Amino acid sequence: MQTEHVILLNAQGVPTGTLEKYAAHTADTLLHLAFSSWLFNAKGQLLVTRRALSKKAWPGVWTNSVCGHPQLGESNEDAVIRRCRYELGVEITPPESIYPDFRYRATDPNGIVENEVCPVFAARTTSALQINDDEVMDYQWCDLADVLHGIDATPWAFSPWMVMQAANSEARKLLSAFAQHN
């Protein structure tokens with residue numbers, strides 16, 4: 001895969017430039033555009049993934065299915081499709097917006113900061129997973145209710161963005177509705 005970049009944003013969310021992805025994530029990460037996706041199977045189960053230990057931020061942490069950064073000229077939806085192919089080896093249904101105005105800042109235990117405007121999407125797949133070990137070290141298909149209960153009971157066991165997304169009542173309601181429509 002070619003070198004990825006992030007689209008830098010000002011405080012109003014207007015693009016101001018780009019920066020190489022690895023260089024962008026530091027202790028002083030600038031605000032940039034990202035996306036987060038929750039992927040469901042035909043049974044309505046959520047794919048929860050564990051980030052590879054080689055990841056710069058939050059290595060080994062359990063999180064939602066796929067996250068990434070749209071590239072210049074690429075829609076968020078196309079970026080979700082691209083990253084699902086790259087990380088999971090799957091084709092998906094057109095991504096549906098779940099939490100379009102999600103924005104967060106969090107610092108991992110190593111001091112790496114995520115600072116993102118990060119619209120959240122949900123999609124489905126019926127494909128068999130072909131996991132990219134550079135991105136994902138483990139995964140599990142789970143009932144959404146069990147995952148949400150786990151997040152509520154042990155938020156420290158999940159990525160901060162997943163916890164924050166699940167804490168939004170409207171996003172939680174939309175994810176639950178999405179999971180039930182098999």
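For all residues, glycine too, the Cβ spot is worked out from N, Cα and C.
Summarising the annotation, Swiss-Prot assigns Mn(2+) binding site to H25, H32, H69, E114, E116. Under the DSSP three-state reduction, H69 (Mn(2+) binding site) is assigned to coil, being neither helix nor strand.
Under the heading domain 'Nudix hydrolase', Swiss-Prot lists 30-164. The average pLDDT for the domain 'Nudix hydrolase' (30-164) in the predicted structure is 97.
For C67 (active site), the Cβ neighbour count at a 10 Å cut-off comes to 24, with all displayed protein chains included. Residues or ranges marked as active site by Swiss-Prot: C67 (among others).
DSSP assigns E87 (Mg(2+) binding site) to a helix in the three-state reduction. Under a cutoff of 8 A between CB atoms, and with a sequence separation of 6+ in the same chain, the neighbours of E87 (Mg(2+) binding site) are T49, V66, G68, I131, N132, E135, V136. Marked as Mg(2+) binding site by Swiss-Prot on the basis of sequence analysis: E87.
With a 10 A radius on its CB, E116 (Mn(2+) binding site) counts 23 other CB atoms from all the protein chains. In the three-state DSSP reading, E116 (Mn(2+) binding site) counts as strand. Per Swiss-Prot, active site is recorded for E116 (among others), and the stated evidence type is sequence analysis.
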Chain-mates of H25, H32, H69, E114, E116 with C-beta within 8 Å of site centroid, Mn(2+): V6, K21, A24, T29, L33, A34, N115, C118
Surrounding CB atoms that lie within 10 Å of the CB of H25 (Mn(2+) binding site), all protein chains: 21
H32, H69 as binding-site residues, winner by CB count within 10 A: H32
Number of helical, extended and coil residues in the domain 'Nudix hydrolase' (30-164), per DSSP: 31 helix, 48 strand, 56 coil
Secondary-structure category, per DSSP, in which H25 (Mn(2+) binding site) falls: coil
Alpha-carbon spacing, E114 (Mn(2+) binding site) to C67 (active site), which is rounded to whole Å: 12
